[in-house]
Amino acid sequence: MSPSEMAESEAEASSPEGRKVLVVDDYDDAREMYAEYLEYLGYEVQTARDGREAVERARESHPDVILMDLSLPVLSGWDATQQLKTDEATRDIPVMALTGHVFEPSSERAREVGCDAFVTKPALPDTVASHIQALLKKTGSKPPSR
């Protein structure tokens, strides 16, 4: 593969076009802010208000990335992530913890339950988008063909 082909492949791997992101947050304003910004960038966005809904949506639509708040009602983000990572159908979906838990034990625990990235709130939408792009590049997943 030539250098230009490699660069094109890397750009395609992190491109928002055709990519699905599941935004999970019980706080309406945060969920809507991230969803709207990601849609503006070209991602297809679904949302969930709690961990149980997140697990159901992930199993149904198999998003490319999940943004997961950790403090959620019904089923916590910790438990939802652990369920997703132990399910053969969803274990390969990258999960980014997006949370107000700022202390080191929280980031360690998030990684233990299966989070692939950890971002503390408040986080600017472009920071979140950069982490999504990095996860997509890291996993090497390709956008769906049309």
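Heads up, the Cβ atoms here are built off N, Cα and C, so glycines get one too.
For reference, TrEMBL has these:
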{"type": "COMPBIAS", "residues": "1-16", "note": "compositional bias 'Low complexity'"}
{"type": "DOMAIN", "residues": "20-136", "note": "domain 'Response regulatory'"}
{"type": "MOD_RES", "residues": "Asp69", "note": "4-aspartylphosphate"}
{"type": "REGION", "residues": "1-20", "note": "region 'Disordered'"}
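Sequence-distant neighbours of Asp69 (4-aspartylphosphate): residues of the same chain at least 6 apart with a C-beta under 8 Å from its C-beta are Val24, Asp25, Asp26, Tyr27, Ala30, Gly77, Ala97, Leu98, Thr99.
Each residue of the domain 'Response regulatory' (20-136) gets a DSSP state, and the totals for helix, strand and coil are 57 helix, 23 strand, 37 coil. The average pLDDT the prediction assigns to the domain 'Response regulatory' (20-136) is 94.
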